[in-house]
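Undergrad: Before anything else, here's the structure in question.
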Amino acid sequence: MATIVPPPSKRQCIAVAEKAREQQDIDSIPDNLGSIRVQFYDQATGQSSGAPVSIPVADATVKNLELLLNTLQRNDSSERIPYRFTYRSDIGQSNLHNTLDISSDLYHSLLKPGLKTTEDSISLQYTPQAVFRVRAVSRCSSSIPGHGEAILATSFSPSSSSRLVTGSGDNTARIFDCDTGTPMYTLKDHTSWVLVVSWSPDDTTIATGSMDNTVRLWDPKTGKALGAPLKGHTKWVNGLAWEPYHLQTLGRPRLASSSKDATVRIWDVVSKQIETVLSGHKGSVSCVRWGGTGRIYTSSQDKTVKVWDATKGTLIHTLSSHAHWVNHLALSTDFVLRTAYHDHTGEIPPTEEGKIAKAKERFEKAATINNQIVERLVTASDDFTIFLWEPSTSTKPLARLMGHQKQVNHVIFSPDGLYIASSGFDNHVKLWNARDGKFITTLRGHVGAVYMSCFSPDSRLLVSGSKDCTLKVWDVRTGKLKEDLPGHKDEVYAVDWSPDGGKVASGGKDKAVRIWRH
């Protein structure tokens, strides 16, 4: 016999109504508070957008502030720019702390907590959000078989969502045409699992790293190997990072590879020779990143993160706050470094100099805060914690991000550099403020370990892949589940959102590549 849930008691009904009434009181803004003076400052340059403006407190919502700022900047209504606002009392100083996001309106953010009064003049910093908007993927457009073992890595081309490369435990990498949902080429020369794949920022070369201790280079247009394998590592290769496009010597791109043999090797891609060996770690190097300011960042199972000078090959800093293996690291500029001169407009400069200039301009725009180039670093560890660093100024972490109940497997910055997402074995994804490391929210919904997550190019959405065989798409602003994407028959190890925002690709233990679109 079915169990019927009893109707709520009178006491429960009263409690629910009371709570709803309190919530309504909280959300409303008193209309008898008069006006408040607000002055806007550009977060990147520190320049003000004009004299202070008097705004009625009742109307000082984020939406109205956005309209006002667009009007002050004389932006046409058809080209209105969305903004994020933050309050900081020490505008003009280099200190980046003690900042507060204005989430809904000035009353609830500043006046009600007593930080400011209507007598004060409020200085607000603004940051433009992506002008384009990415729609949430909601359906699987193709499920492409072909791999003989689990898919361990996946990456879209930096130029479009049409091409994808995957690495697998069947010793091959494959290039797929995502528009037709068909395999294009099988990259066959590795003799063991392909653990990592990476496109060069100019979209002309694919690098693969394998458990056979080698790195191989491939032409994505033909699927042919570019010369012999890069040999030198004595254990498997588990990380790859291309030299940022704006730092490359013309025609001589370089590639860094990290390995279980505790070293990082920098390769001249043209001559296939080792330029430098970065040795100093005492355990497997789990991740490598090549920053836009000429530094290489490495994380290791020896509990440390090291910062290297990419030109001299010398050690600059050792960051040692973690108490266990460091599993992953990410840079606040990862997205612009990955895409170089490719952006949402699709316009590519005709000359090599133009491409370098555009890549440099995009990097500097993404990294500039208060007229300083700031490249931040976030690290995830088996000690259940995450650390936020700014290695150019200090070897001490800016913040310790705690809250995960198990190992943290993966971290990533949003493309606009404002959020951090962390994926853990406790079945949760957590969102953090990338400026001060403050906790924002926990994205709950997965019922198995979350292996990795990836932001949409406009930073408004996040997709996560899990041991529970699903992907989930989250709304970053609200922290709510936007789309549940079942379909995989087993664990989802790898996921990527195309840089143009059009598609999501995923792969895992069921050996099938799935392409998702809206």
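Glycine too: its Cβ is placed from the backbone N, Cα and C atoms.
TrEMBL lists these features:
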- 36-95: domain 'NLE' (DOMAIN)
- 144-186: repeat 'WD' (REPEAT)
- 187-228: repeat 'WD' (REPEAT)
- 230-277: repeat 'WD' (REPEAT)
- 278-318: repeat 'WD' (REPEAT)
- 401-442: repeat 'WD' (REPEAT)
- 443-484: repeat 'WD' (REPEAT)
- 485-518: repeat 'WD' (REPEAT)
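Give me the local environment of each listed feature.
TA: Below 8 angstroms of C-beta separation, residues 192-199, 201-203, 206, 208, 210, 212, 218, 220, 222-223, 338-340, 342, 348, 493-503, 505-515 of the same chain, each at least six residues beyond the ends of the repeat 'WD' (144-186), sit close to that stretch.
Counting only same-chain residues 6+ beyond the ends of the repeat 'WD' (187-228), those with a CB under 8 A from a CB of the stretch are 149, 152-159, 163, 165-169, 171-175, 234-242, 244-245, 253, 255, 257, 259, 261, 267, 269, 272, 337-342, 355, 359.
The DSSP breakdown of the repeat 'WD' (230-277), given as helix, strand and coil counts, is 3 helix, 26 strand, 19 coil.
Residue counts for the repeat 'WD' (278-318) by DSSP state, with H, G and I taken as helix and E and B as strand, are 0 helix, 24 strand, 17 coil.
For the repeat 'WD' (401-442), same-chain residues at least 6 beyond its ends with a Cβ under 8 Å from one of its own Cβ atoms are 84, 86, 96-99, 101, 127, 129-130, 327-336, 366-367, 376, 378-382, 384-388, 448-455, 457-459, 462, 464, 466, 468, 474, 476, 479.
Remote same-chain residues near the repeat 'WD' (443-484) are listed as 129-130, 132-134, 136-138, 335, 344, 406, 409-410, 412-416, 418-419, 421, 423-431, 490-501, 504, 506, 508, 510, 516 (criterion: CB distance under 8 Å, separation of at least six residues from the stretch ends).
Among residues of the same chain six or more beyond the repeat 'WD' (485-518), those with a C-beta under 8 A of the stretch's C-beta atoms are 132, 134-161, 164, 166, 168, 170, 174, 176, 178, 181, 335, 338-339, 342, 344, 346, 448, 451-458, 463-473.
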